[in-house]
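Q: Submitted below is the structure of interest, expressed as structure tokens.
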Ligand SMILES: Nc1ncnc2c1ncn2[C@@H]1O[C@H](COP(=O)(O)OP(=O)(O)OP(=O)(O)O)[C@@H](O)[C@H]1O
Ligand SMILES: Cc1cn([C@H]2C[C@H](O)[C@@H](COP(=O)(O)O)O2)c(=O)[nH]c1=O
């Protein structure tokens, strides 16, 4: 892998893993972090997740994954957890030149609360601007939206993902939703990936674990 330089996240690098529940992100994320740490021994790797990643975020995660609530409350709590995560984990790490790898970020809010639950995407864009808009350190006050530099999207039909999940664990609040919910989540992920091909790497998650691992390792990352 080689490293890229043009991101406002410099001197750090921000990578996210996304996909519907059961697509296989968690199977590879730790090994991926370990491999990157070996490849870039001068850069610390921070592995984190959403919702969660902070003490407060983990409490919100418990509420979000196990308690019913209004759709807009759900979206607001996802972004509240994200605000804390950015302030206390992600941005300090990026400023210190670290590589941050997060199991989910804002694409998940668009996919789940927008695509899956049907929340107006315009409201999600407003929350994204509120939580992620930053001033560039360029002396002219230019603004930018803090985004991952690279996003791996694990794409899998919802029936296959459900079969994988139900074989290994009890479903949480989201995982109890039906395959048409997950198909809508999937389609919103795919729409976002199509809109931003420079950031997304689409992974056909129906391949074997070994094939996917090879793809992850072969991805040319320019940090
Ligand atoms: N390529 C694969 N082929 C077959 N099974 C797989 C593959 N990848 C992962 N699995 C299995 O599918 C199940 C779900 O995988 P995993 O927990 O990694 O999904 P996930 O995308 O992280 O889900 P969630 O987002 O809900 O945590 C696990 O039992 C895992 O071993
Ligand atoms: C960040 C984020 C997450 N979600 C959903 C997606 C998953 O169902 C759970 C997290 O569980 P995982 O096993 O850690 O993947 O939360 C969401 O709906 N919206 C979000 O912004």
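The backbone N, Cα and C atoms fix where each Cβ goes, glycine too.
Curation does not apply to TrEMBL; its annotations are automatic.
Found this in TrEMBL, in case it helps:
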type	residues	note
DOMAIN	17-212	domain 'Thymidylate kinase-like'
BINDING	19, 20, 21, 22, 23, 24, 25, 26	ATP binding site
Q: Going along the chain, which residues six or more apart from residue 22 (ATP binding site) have their CB under 8 A from its CB?
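A: Residue 22 (ATP binding site) has long-range Cβ partners 156, 160, 161, 162, 163, 164, 165, 175.
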Q: Please list residues from the chain of residue 25 (ATP binding site) whose Cβ is under 8 angstroms from its Cβ, counting only those at least six apart in sequence.
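A: Spatial neighbours, sequence-distant, of residue 25 (ATP binding site): 17, 18, 19, 103, 104, 152, 154.
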Q: Grab the pLDDT values for the domain 'Thymidylate kinase-like' (17-212) and give me their mean, rounded.
A: 96
Q: With every protein chain in view, what's the tally of Cβ atoms within 10 Å of the Cβ of residue 20 (ATP binding site), excluding that atom itself?
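A: Around the Cβ of residue 20 (ATP binding site), 31 other Cβ atoms lie within 10 Å.
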Q: Test of understanding: give the count of other CB atoms lying within 10 angstroms of the CB of residue 24 (ATP binding site).
A: 19
Q: Residue 23 (ATP binding site) has how many other Cβ neighbours within 10 Å of its own Cβ?
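A: I get 27 for this one.
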Q: When you tally the Cβ atoms that lie within 10 Å of each candidate's Cβ, which of the binding-site residues (19, 21, 26) has the highest tally?
A: 19
